[in-house]
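Q: Look at Swiss-Prot and you will find GLU80, ASP108 tagged as active site, backed by similarity to another entry. Under the heading site 'Important for efficient shutoff activity and nuclear localization', Swiss-Prot lists LYS195, LYS198, LYS199. According to Swiss-Prot, the feature site 'Important for efficient shutoff activity' maps to LYS202, LYS203, LYS206, an assignment based on similarity to another entry.
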Amino acid sequence: MEDFVRQCFNPMIVELAEKAMKEYGEDLKIETNKFAAICTHLEVCFMYSDFHFINEQGESIIVEPEDPNALLKHRFEIIEGRDRTMAWTVVNSICNTTGAEKPKFLPDLYDYKENRFIEIGVTRREVHIYYLEKANKIKSEKTHIHIFSFTGEEMATKADYTLDEESRARIKTRLFTIRQEMASRGLWDSFVSPKEAKKQLKKDLKSQEQCAGSLTKAFRRTSPALRILEPMWMDLNRTATLRASFLKCPKK
């Protein structure tokens, strides 16, 4: 699974995910599902904000990277991906500048056009179930919630989807591509079935121990433990390099 993540996501996103897991004392080689989920969530947050700017009239506009007007103010401030200290510093700065109510939990983005914090969710379950879980945790009408699924569904506070349809379609397409790539590698079933993932992981680890003496076989195949994706963890720069990660994952 770790190999898949490193092939599928941009190195900058992978590095941010590694730092996040290290900050919370988590081992990405053991919690490979969380590693994949964090990378997915980070990429959705970047895609959410990408190309969106605010012009001099305060209107939201979409600008392609080659456009000379790229120096316009970014519509979204990305909070996700920063270490906790820096993230809270950014949140406090936004609150002091805009007068926004300080959230109890760290949000993912701030929308300068709508003047609100945004919580992004990516789920492999029913979107309405995950939305309710998020809303129950946050307990604030000030933070806007937007949930995406790997099946193309989405749900947002008061059905206000913030972005235009084309921008949201890009995110949905990327999530669907990730799902297809996982499925092609036999990872998707264990990704959506926690019990099966744990059962298969134990089986493969036991198999590894029995085959430890066979170095030739070990070198010729991928470690079974790396093929298992455990249950998904639910939950700066905007560069051309980051945008390259939105392309389809390479096949092995």
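Every residue, even glycine, has its Cβ placed from backbone N, Cα and C.
Help me see these features in their spatial surroundings.
A: Counting every protein chain shown, the Cβ of GLU80 (active site) has 24 other Cβ atoms within 10 Å.
Following the DSSP three-state reduction, the secondary structure of ASP108 (active site) is coil. Counting only same-chain residues at least 6 apart in sequence, those with a Cβ under 8 Å from the Cβ of ASP108 (active site) are HIS41, CYS45, ILE78, ILE79, GLU80, ILE118, GLU119, ILE120.
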